[in-house]
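To start, the structure itself, in structure tokens.
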Amino acid sequence: MSWKTLDDMDVAGKRVLLRVDINVPVEEGQVTDRTRIDRIIPTLQDILAKGGTPIMLAHFGRPKGKVVPEMSLRVTLPALEAALGRKVTFIEEPNAERLSDLPEGIVVLLENTRFAVGEEANDPEMARFLATLGDVFCNDAFSAAHRAHASTTGVAHLLPSCAGRLMQAELSALEAALSTPQRPVGAVVGGAKVSTKIALLENLVARLDVLVIGGGMANTFLAAQGAKLGASLMEPDYMETARTIMQSAERAGCKLLLPVDGVVAREFKAGADFEVVALGKDTVLAEDQMVLDAGPQSVAAVMAAFRTLKTLIWNGPLGAFEITPFNQATNATALEAARLTKSGALISVAGGGDTVAALNQAGAAADFTYISTAGGAFLEWMEGKTLPGVAALQG
């Protein structure tokens, strides 16, 4: 796949309409996690260094085409200015005339694109309006690339377009992990439900050498083999799907790793009493028992598998990582992946949902090769889908 980057564009003296994702968590009017803001700073600095004027487009929350004051992007200004080290000009009601003669070195943030009813509908009229506000379009919001919206896709077809530095890094990392990986390649797919990751699992078993399944999802796979897992989180309606995925993995030569032991408790709370129980097709738990984490034998098997790999993709935790003592499997395996990455033995790419939080909690995130801040876009890429925001940049 080929796409243009800022290296391919002459932005000197031009207004660069820059789509970013600064949909950050806010409490009591304060940004509580600046990660997404920090990640767009290299693109802003690059545009400024090349003599361009960045005009940021972004969404915030889900106002559904209405002006909702508490979803104004104004709340992000202090964090943006602190990260960038310069003033950012906020414009609530932009128009072409107002943005036609901006002073050199100015950085502009426009109001929430989703206040406009045409944004999520990818309305051609809104796309044409946005195109009047800039000379070049730069998309740095991979995390919104799975949405065909006016500010991600529509405007990209109307202006010379390229990927920003964050988008470029995301695409390069994901292509290296899935499209052209160093083999053997494996993945960890965890989390609560099989139902949300069917397409992902179906796509991965055809591409991987090793697939580790963990979290509540693993319970459904074990139940599909005959295990009786008491009050454990599982999806009986998806047991047949689990069997199909296991058969597909076998046909494709993909080694499927399910837990062989589990941390079992009768209460889902911090510090709950627990025991380690062997897991397999003949396992029978009491009606009030729950599998809440993978056990030590499972952890050892996963870590041994990691040591055979050259590329690892990680999506989802191996247990109820939010609560001690059910975070042990996620923490131990994440730290092993981080160690292997740091030693140069492994390329590791992670993203989606709870994954970033789990790896941060484990203290492993800093040593992974790449961690994607994207949720849905990361998953859809891993499912093999074409992302509209990326497709619009090709050529």
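Start at 1 and count along the chain as shown; that gives each residue its number.
Quick reminder: no glycine exception, Cβ is built from N, Cα and C everywhere.
Since we're looking at a predicted model, the values are computed, not measured.
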Need a hand: Swiss-Prot gives ASP21, ILE22, ASN23, HIS59, PHE60, GLY61, ARG62, ARG114, ARG147 for substrate, which of ARG36, ARG74, ARG128 is also on that list?
ARG36
Sort ARG114 (substrate binding site) into helix, strand or coil using the DSSP assignment.
helix
Inter-residue C-alpha distance, ASP21 (substrate binding site) and GLY352 (ATP binding site) (nearest angstrom):
15
Kindly assign ASN23 (substrate binding site) to one of the three DSSP-derived states: helix, strand or coil.
coil
Collapsed DSSP category at HIS59 (substrate binding site):
coil
Do you know offhand how many angstrom separate ARG114 (substrate binding site) and ASP354 (ATP binding site) by C-alpha?
25
So which one is it: of the binding-site residues ASP21, GLU322, ASP354, which has the fewest other Cβ atoms within 10 Å?
GLU322
Here are some binding-site residues: GLY61, GLY352. Which one has the most Cβ atoms within 10 Å of its Cβ?
GLY352
